[in-house]
Amino acid sequence: MSSPPEKLTPMMQQYFDVKRGLPRDTLLLFRLGDFYEMFFDDAVLASQLLGLTLTKRQDYPMAGLPYHAADSYVTKLLAAGKKVALCDQQEPAVPGKLVRRQVSRILSPGTTLSANQLDAARNHYLCALACDRAGLHAAWLDLSTGEFRVATDALLDNLLPVLTALNPAELVLTEGDLARWQAAPHDQIALHALHQFCAPRLCTELPGYHFEPGLGAQTVTTALGVLNLQGFGLAPDHPALGPAGALVHYATENLCAKPENLRSLQEYRSTRTLLLDPATLRNLEIFQSTRGTREGSLLSAVNRTVTSAGARLLERWMAAPTLDLAEISRRQSLVGELVERPGTLGGLHDSLGQVRDIPRILGRLQNRIRNPRELGGVRDTLAQIPPLRACLTGAGPATALAALGAQLAELPALRAHLAAALADELPADLNDGNFIRAGFDPELDRMRALTSGNKTWLSDLERTEQERTGIKSLKVRYNSVFGYYIEITKANLHLAPSDYVRKQTTVNGERFITDALKQKEKEIFHAEENALHRELTLFNELVAAVLDHSVALAQTADHLAALDVLAGWAALAREWDYCRPVLDDADALEITDGRHPVVEQMMKSDRSLHAGSAAFVPNDTVLACDDAQLMLITGPNMAGKSTYIRQVALITLLAQIGCWVPAKACRIGLVDRIFSRVGASDDLARGNSTFMVEMNETANILNNATDRSLIILDEIGRGTSTYDGLAIAWSVVEHLHRSPERGPRTLFATHYQELTQLEKHLPRLRNFSVAVKEWNDEIVFVRRVIPGAADRSYGIQVARLAGLPLSVIDRAKTILAKLESDDATVSLPAPTVRPKKKISVTPTDDSQLSLL
Ligand SMILES: Nc1ncnc2c1ncn2[C@@H]1O[C@H](COP(=O)(O)OP(=O)(O)OP(=O)(O)O)[C@@H](O)[C@H]1O
């Protein structure tokens, strides 16, 4: 920061005192009257980010923004990854006296609670990490809803996938860790992966002692208001309590108070979760498409939620699909009951549409961010509980839906209280008043009557003064500078009575006051102030009443969120004809008429735009760890290989979150991890070529896959020379098939025709191809996956479809014919191509398979 001027005014002295107490990367917004001002480097930066005018005060830069618009400016600063401290006046300003000021909150991307600064449909995590010889220890907290979790794992690969899926808005790390991870020797792959996860995010570093587990246990127990953590199944020396303590400390500093909405601390265990590594999340476009949009992702294809809390729960379920068969079956049954009852589904949809974001409303109320609309949200939600319960119990007393309905707390007293107390239309700002309904509180009514009585007096005054003076155009008006005044136009000034006191001359006339008018004004102001004060008291009582029921409200909100997700899935199942998959502990993966959930929907919307476009063609899959373990899929370009192998992975993922799946029938033996290696992507910024990324991802799969995993591999080895690539692809297939009895269920799409010969030697490998029809040297895609290897690749025909110039196509055909003939000499002009050698397989002993 620029150095402060030598001689400081008392106010600037106060500014520097506050600034010194803040972390260095925090912008200070310093309240001066109706503005928040920034000075020095903060002013320069903010003026650039917010487009504010940069001014000067005694030679140093200054920029200000009106305090009532602060929310939208702060939103922009947070979106730019900045942290912002709001320093407010703690007492009314008195001329000649320095006002007491204090930081009231620090806002950062991971700790903000304001509805404007949060995406309603997304969880918003602050996450702390520590890594030592015992492994990776993590804690994450959504301060807006109070969700708080810890996890520890000896293997980074078990924890990093879920953290990537959670996509935290901000990280808290031990000072120096980030640099240490970056500088770690090349073979420390785990530390580099950790650095890679952290580097693009906003990281705040805290001194190491904040991460000490003993201190963490104390901080966390105090924050949760419990004596110990046994009730949450956590030992006092759990290593993730270090990061958990650091999180609570950081949140407390930012809120300038203890976070009041932490209800519980849950341990996340990777052994209970289907893991999707970061590459798979990206490759399978689970949360966003490769273009970076929500549209085109699996999440958007299966999201039919109508509440924000439901949308967030769906995201959480997808980030960590469960391995708990009972839980999966519970969700499936609820979906099943709803699929059977379209009437119930319609009723739920309407009522859920009126439900407000209770978890975040409670989070704000508990952390002292309060406005009348938040209470309105609780009122409107409670009003929906009776119809929702009626809807659910209407399904029959012995149903899972009725059981869920019984868990929704009606809280009739609170509902009636809020309905009686709150006005229909509620202001966003407490100080605007008029949010308490007339007739609710006699005292408030009396004060309001006084105000309105006085206002009637004013309008009567206008009439009587017009009569007294004979000036028809005389007006009684109000402005914020003079308060109430009487206005007389120039032409009538000679008629102004002598008791009128002149206050201001305007272009058209003069403004006057009288003693009686000023007396009345005082009464009005006083009555308004009293009424607002009374409203605030009533408001605080209502907030207290709501918070008294916070546990029941929070639980009900959790049930409503689940109901929203499940009702959405039932609607999806009906609309797209999904089936209920059977999940068990067996080894099989059998899908009849499976479809790709995203491509299918996109094709339908294309069809509605372009008549004649084709419909999605369903395909079967049969895999088993100990039988058809590895499907090797060949076929022309564009035939549908990638779509097919991805659809199997997506159907598996949907099945394990409890959703129904796009198929006619489906049976899946639980999968512990889904791995994928698809497409080409480079990571040039970190010095990794396309091929290097491909090999890293493949290495990860081969090192971490278990017999319970599902692996999809698309064109392994494509990023290098033909023979190197083929050799690698070949040995990868062998590796996956190495155990004599069983191996991970694998789908392997390839253009290396040579690999199909492996079927003869690897008993659990099955050749499949995507069929095409050939017609007049053109190909027609039929999108059917059939047993047996493809005969050729039709690359040139597809290249023609892509619009390559005909001269190039013809020349390619000539070269291909030569290459495929025994005479491998191609006459010039020709590209430099290594003649293709015949590749053959020598049977029996695997180790003797000769490539070349
Ligand atoms: N089962 C299907 N039904 C209808 N259309 C499909 C089906 N499968 C794929 N398609 C369409 O075919 C296009 C190409 O599919 P895909 O990318 O899977 O082919 P591919 O065989 O992997 O091609 P390449 O080998 O060139 O990567 C998809 O974008 C999709 O629109």
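Cβ coordinates come from backbone N, Cα and C, glycine included.
TrEMBL annotations: computationally assigned, not manually curated.
Quantities reported herein were computed from a predicted structural model and do not represent experimental measurements.
Marked as ATP binding site by TrEMBL: GLY635, PRO636, ASN637, MET638, ALA639, GLY640, LYS641, SER642. Summarising the annotation, TrEMBL assigns domain 'DNA mismatch repair proteins mutS family' to 709-725.
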Beyond the site residues GLY635, PRO636, ASN637, MET638, ALA639, GLY640, LYS641, SER642: chain residues whose C-beta lies within 8 Å of the centroid, for ATP: ALA749, VAL770, PHE781
Neighbour count (Cβ, 10 Å) for GLY640 (ATP binding site): 25
Intrachain C-beta neighbours of MET638 (ATP binding site), sequence separation six or more, cut-off 8 angstroms: PHE781, VAL798, LEU801
Confidence summary (mean pLDDT) of the domain 'DNA mismatch repair proteins mutS family' (709-725): 81
The one of GLY635, PRO636 whose CB sees the fewest other CB atoms within 10 Å, among these binding-site residues: PRO636
ASN637 (ATP binding site) CB neighbourhood, other CB atoms within 10 A: 16
Sequence-ordered binding-site residues from PRO636, GLY640, LYS641 with Cβ under 6 Å of an atom of ligand 1: GLY640, LYS641
Neighbouring C-beta atoms (10 Å sphere around the C-beta of LYS641 (ATP binding site)): 25
Cβ-Cβ distance under 8 Å to ALA639 (ATP binding site), same chain, at least six residues away: VAL770, ALA771, VAL772, PHE781, ARG783
Cβ neighbour count within 10 Å of SER642 (ATP binding site): 19
Coarse DSSP state, helix versus strand versus coil, of LYS641 (ATP binding site): helix
